[in-house]
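Participant: Okay, here's the structure, questions in a sec.
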Amino acid sequence: MAREKKTCVECGHKVKSLFIQYSPGNFRLMKCENCEEVADEYVECELLIIFIDLILHKTKAYRHLLYNVVNQESANVQHLLWKLVLAYLLLDTYRSLLLRRTNDGSNVSMSFLFESLEVLVNVLSANFAFVFSFAFAAKLMLVMPRGKEILLTILISSYVKIFLFAMPVWEFPVSVIFIVDMLVLTSNAVALKVMTESATSRCLAVCFIAHSIRFLVDQISGHLGSVM
């Protein structure tokens, strides 16, 4: 079996290896033959440093995560994909519940079962529209890799949604939800740029179109549910 190649986080060029390990805890980082920089400085960084650079939307951090951490050619990637889909839908459901509770205040007249069903329908319909519109816009505007790789990229780069869990703790205003939504959009665009090597403007346009359609479908679905 051929050894899997890694990617230089500086220029995106393929490299044979990221480091040479001489003994446990003793290794040397390799340089990229193309740009002559250290291929992946994040190998020896703490997870917190990587997370901060992801929040800052550094392309180096996204290359490290998408190419050198996640092995998209692995047989286990399908298992990872299903886990990410579930986590993404759960976070989106939590977002919808936060918005609903904020807008409805203390209204508890709606049964829990009906409310849960309505939220589930809203989340599934909005995300179906998001994936469909994203795939359509990307096909028109970008050089597309495989669909599975793009889906994995979007799911991973939506990690910003985890900040929604901080809202009930610190009692943030509802506007924070929309700030998180904007961060998810820009994070998706950076990850898409890394995966497709397309212009930033095109990647932003694709993500803006997909997120806008998702927002519209979510609003329409929520309105239909409220009048039923």
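Glycine is no exception: its Cβ is also placed from the backbone N, Cα and C atoms.
According to Swiss-Prot, the protein carries these features:
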TRANSMEM  37-57  transmembrane segment
TRANSMEM  80-100  transmembrane segment
CARBOHYD  Asn107  N-linked glycosylation site
TRANSMEM  123-143  transmembrane segment
TRANSMEM  150-170  transmembrane segment
TRANSMEM  176-196  transmembrane segment
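Looking at the shown structure, what environment does each listed feature sit in?
Facilitator: Beyond its flanks by at least six residues, the transmembrane segment (80-100) meets 70, 115, 119-120, 122-124, 126-127, 148, 151-152, 155-156, 158, 161-162, 164-165, 167-168, 174, 177, 180, 218 of its own chain at Cβ-Cβ distances under 8 Å.
Same-chain residues lying 6+ beyond the ends of the transmembrane segment (123-143) with a Cβ under 8 Å from its Cβ atoms: 88-89, 92-93, 96, 150-151, 154, 192, 196-198, 202-203, 205-207, 209-211, 213-218, 221.
Sequence-distant contacts of the transmembrane segment (176-196) (same chain, six or more residues past either end, CB-CB distance under 8 Å): 12, 54, 57, 59, 62-63, 66, 95, 98-99, 138, 142-145, 149-150, 153-154, 156-161, 163-164, 167, 203-204, 206-208, 211, 215.
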